[in-house]
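Worksheet for the structure shown next.
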Amino acid sequence: MNKNNKKIICIFCSKTKKKVYMFIYYLGISVCNLCISYFNKLLNTSMLINNKKVYKFIKSIRDLKPIYIKRYLDKYIIGQNEAKKSLSVAVYVHYKRIINNLLFNNKVNIEKSNVILIGPTGTGKTYMLKIISKLFNVPFVIVNATSFTEAGYVGDDVENILSKLYRNSNYNLSLTEIGIVFIDEIDKICKKSGDGIITKDISGEGVQQALLKMLEGSIIEITIINVKKFMRKEIIRINTENILFIVGGAFVNLNNNIFNRLNKTRIGFNNNIKYKKKEMYKYITHKDLIDYGLIPEFVGRLPIITNTNFLTASDIKNIILYVKNSILLQYIKIFSMENKKFYLSIRSIDYIIKESMKINIGARGLKNIFSKIFKNIIFNIHIIKNIFFINKKFVKKAINNNG
C-alpha cells in the first residue's frame with residue numbers, strides 16, 4: 001500500500017493526523033506532538049521530583065495556606081496588614097502554580113504573576129521577603145537595581161541576579177529554578193526625569209529592557225565559578241519560568257503625584273472624600289508607575305501591586321517591644337551572655353520613639369539609635385553592674401551626644 005494512503009495514527013493516543021499539529025516518524029512508528037510534549041514534561045517532572053530537596057519543598061508547602069503565611073509574618077513584622085496579605089496570597093498562588101503546571105496534565109496553566117512592592121524606606125519590604133523565603137525554605141536573593149548596567153557598560157549584567165541565586169541554592173539548579181528574587185530600588189532606574197525621579201541613562205531604560213526576558217520566563221545562560229568543583233568555570237542554563245520576581249522601591253514623591261491625580265478627579269464629584277498624603281500608596285495604578293518612568297513592557301510583567309505604609313508611633317513602639325527578634329531583644333541577649341540585665345524606663349522608650357519618628361526612616365533608624373545608647377555601656381561591660389537601669393536622661397544624652 002502507498003505510504004501516503006496509509007492511515008497514520010499515534011502509537012500512544014491513537015489520534016489521527018487531522019487531530020494533531022504534527023507527527024514524528026521513526027522505524028515505522030508514529031508519535032504525535034501532544035504525546036511528545038506530555039512525555040517531555042513527565043521526564044522533566046520526574047527529574048525535578050527525584051531531587052530530594054525539591055521533593056521536600058513540595059511536600060512541605062502542600063498544606064501551607066495564605067492565612068498561615070500571614071500569621072508567620074505577624075510574629076516578625078508589625079502592621080502592614082495589606083502588604084502581608086497580598087504577599088501571602090501571591091507566594092501561595094505562585095507555588096501552587098508550580099505544582100499544578102509540573103504535576104498535573106490539565107488544560108489550565110496558571111500564569112506567572114510577579115509583584116511590585118512599593119513603600120517608604122524602613123517599612124519592612126525587604127525583611128518581609130526574607131521571612132517568607134525562610135518559611136518556604138527556598139533560595140532567596142536581594143539585589144539593588146542601581147548596580148546593574150546595560151550590556152556594554154562597566155557594571156553588573158542582569159544575569160548576575162541568577163548567578164547569585166544559583167550560589168545561594170548551593171549550586172542546586174532545581175532549587176534555583178523555584179527561588180525568589182527581590183530587586184530593590186527599582187524606582188532609581190526610571191527612564192525619564194520629573195518630580196522626585198532620578199535619571200540614570202546607563203542603568204535606566206536599558207536595564208529594564210534587559211530584565212524583561214528574565215521576568216517573563218526564559219532560559220538564560222550564566223557563567224559561574226563553581227567552588228564545589230575546584231573553581232571550575234561552568235555554563236549553566238536556568239529556566240526563570242518558576243522563579244518569583246518581586247521588585248520594590250520607595251518611589252519618592254509618587255504619593256504627591258497620586259494625591260494630585262485623585263484631587264483632580266474629585267472636583268465636581270465626591271467632594272466629601274478626603275485623601276491623606278500618607279495613605280496615597282494604596283491608590284497606585286500601573287499608569288502611575290509608567291508616568292513615573294518605568295517602561296510599559298516592564299510594568300506589564302508586574303501584574304500585582306502592593307504597598308507598605310508609613311510607620312506610626314504605635315508601630316515603632318510595638319516593633320521595639322513585641323516583635324520576635326526585635327532590636328531590644330537582641331541587646332537583652334548580648335547582656336545575658338555576660339550574666340547582666342538592664343531595664344529601660346517607659347519615658348526612655350517614649351523618647352526613642354520620638355527620635356525615630358524625627359529621623360523618618362522607619363524601623364531602620366532604630367538600629368542606629370540603640371547603637372548610640374549602648375555603645376559606651378558595652379565598651380565598659382567588664383565593669384558595669386549585673387543589673388542596671390536606663391532612664392530618659394541617659395538615653396537623651398547618648399542620642400544627642402552620640403554616647
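All positions are counted from 1 along the displayed chain.
Using the three backbone atoms N, Cα and C, a Cβ is placed for every residue, glycine included.
According to DSSP, Cys35 (Zn(2+) binding site) sits within a helical segment. Marked as Zn(2+) binding site by TrEMBL: Cys10, Cys13, Cys32, Cys35.
Summarising the annotation, TrEMBL assigns domain 'ClpX-type ZB' to 1-51.
The transmembrane segment annotation in TrEMBL covers 20-39.
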Local Cβ density at Cys13 (Zn(2+) binding site) - other Cβ atoms counted within 10 Å: 13
Fewest other C-beta atoms within 10 angstroms, as judged across Cys10, Cys35, which are the binding-site residues: Cys35
